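Encoded as structure tokens, the structure appears first; notes follow it.
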Amino acid sequence: MTLDEARALDAADPLAPMRERFALPEGVIYLDGNSLGPLPVGTRAAMTDVVERQWGERLIRSWNEGWIDAPTRIGAKIAALIGAAAHEVIVGDSTSANLFKALVAALRIDPGRGVVLSETGNFPTDLHVAEGAVACVPGASLRAVPRGEVAAAIGADVAVLMLTHVHYKTAERWDMAALTAAAHAAGAVVVWDLSHSGGAVEIDLSGAGADLAVGCTYKYLNGGPGAPAYLYAAERWQERLSSPLSGWMGHAEPFAFADAYAPAPGMKRWLAGTPPMLAMAALEAGVDLWAEVDRAAVWRKSAALWDIMAAAGAAAGLPCVTPADPAARGSHISFRVPHAFELTQALIARGVIGDFRAPDVLRLGLTPLYLSHEDVWRAGELLREIIADETWRDPRYAERLAVT
Ligand SMILES: Cc1ncc(COP(=O)(O)O)c(C=O)c1O
Ligand SMILES: Nc1c(O)cccc1C(=O)C[C@H](N)C(=O)O
């Protein structure tokens with residue numbers, strides 16, 4: 001790929017105007033939208049409105065003027081992105097907390113089965129939360145096996161298969177329909193973590209016959225740092241499952257102030273406490289951008305950006321750990337290299353922000369809403385340069401950071 005070819009792709013790119021909707025700093029090529037999405041321009045006005053007018057002027061009346069329904073309203077918008085029905089998704093709490101709720105609820109379906117099956121090397125919070133969830137359910141236990149052994153390990157004792165659809169480090173993608181079918185055939189349910197796939201790849205929860213899913217909104221949905229996460233429960237499970245975090249906002253009648261808990265119908269039962277409205281407002285502004293784009297164009301562009309960076313990585317001699325088949329991966333690309341940390345820091349010093357995942361992965365997020373083909377081409381050129389001239393060996397780039 002030449003610079004002119006990249007520019008020709010940009011000239012024909014139907015998503016190119018979306019770049020103006022993000023407040024990205026000058027001189028930065030942002031390849032970390034898979035960890036923290038950038039600020040949408042519209043979020044500023046949304047935050048001003050929620051603070052100045054909704055909170056400042058309308059005060060508590062705002063709960064009846066759109067706040068109380070925000071978790072289901074925003075959930076319905078996210079549902080459209082993940083192949084769910086509008087009434088199957090709710091927004092609230094963190095992905096970690098939602099995962100806990102989903103796992104405990106799923107473990108309680110059949111007390112005769114107690115195993116949560118997952119993969120070793122899953123995102124740490126998934127395994128940590130599963131450890132905590134099994135400790136809350138008598139007879140339950142966690143079994144994590146290497147990725148290649150997961151399918152064969154779905155035995156009669158498995159209650160829940162817990163998988164991250166797109167792997168945070170390698171971007172490997174599970175075949176959602178196949179794994180869901182395999183789990184169902186063995187009598188288990190599946191909890192999918194969509195954190196690295198929501199807004200990154202096409203998802204069809206309904207088509208896959210999915211049971212439960214959770215996902216993060218501060219990555220590809222651009223909801224802001226620590227934005228509330230989402231939880232999906234297929235309609236067929238909604239009245240049978242309830243949340244172990246049985247808080248008042250999940251009650252059928254929160255303002256009856258009853259002593260005894262009675263779960264709300266539908267998805268509201270998964271709420272625990274009061275929704276964080278400032279964060280909800282930012283999230284909604286990010287999610288609303290998705291209504292304006294042709295999603296098929298997003299997935300196509302993601303594959304084109306990937307090809308540009310894969311070619312640059314190959315030219316630089318970097319081993320790629322992300323599958324080449326677009327159907328088998330997410331929207332980031334990862335290279336395994338012993339000096340990945342230093343390379344990441346050297347790139348950041350030159351304006352290309354990616355990230356490092358310990359111990360040896362350089363990870364680059366390819367987000368079609370605000371990256372051009374030229375951006376990715378330039379980032380690839382810089383990567384080749386830094387490797388060729390060995391600037392990454394500068395001792396400054398070895399200084400460790402608390403958050404990577
Ligand atoms: C697969 C996966 N699950 C969950 C999370 C995050 O969970 P939380 O928002 O609770 O920190 C991340 C990233 O932070 C992730 O990559
Ligand atoms: N949530 C994060 C944070 O608070 C600080 C730094 C990174 C994150 C992340 O989201 C990490 C991300 N899930 C990952 O895939 O590595």
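Yeah, the Cβs are placed from backbone N, Cα and C, and that goes for glycine too.
Taking Cβ-Cβ distances under 8 Å and a sequence separation of 6 or more, the neighbours of THR95 (pyridoxal 5'-phosphate binding site) in its chain are THR125, ASP193, SER195, VAL214, GLY215, CYS216, ALA229. In this structure, THR95 (pyridoxal 5'-phosphate binding site) is part of a helix by DSSP. Per TrEMBL, the feature pyridoxal 5'-phosphate binding site maps to THR95, SER96, PHE123, PRO124, THR125, ASP126, THR164, ASP193, HIS196, TYR218, TRP248, THR274.
Sequence annotations record features per position, and here TrEMBL assigns N6-(pyridoxal phosphate)lysine to LYS219. The number of other Cβ atoms within 10 Å of the Cβ belonging to LYS219 (N6-(pyridoxal phosphate)lysine), over all protein chains shown, comes to 26.
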Here's one to test understanding: among the binding-site residues THR164, HIS196, TRP248, whose C-alpha is closest in space to the C-alpha of LYS219 (N6-(pyridoxal phosphate)lysine)?
HIS196
Using a 10 angstroms cut-off on Cβ to Cβ distances, just flag whichever of PHE123, TRP248 is the loneliest among these binding-site residues.
TRP248
Out of the recorded positions I have (THR95, THR125, LYS219, TRP248), which ones have their Cβ sitting under 6 Å from ligand 1?
THR95, THR125
Across all the protein chains here, work out how many other Cβ atoms are within 10 Å of the Cβ of THR164 (pyridoxal 5'-phosphate binding site).
27
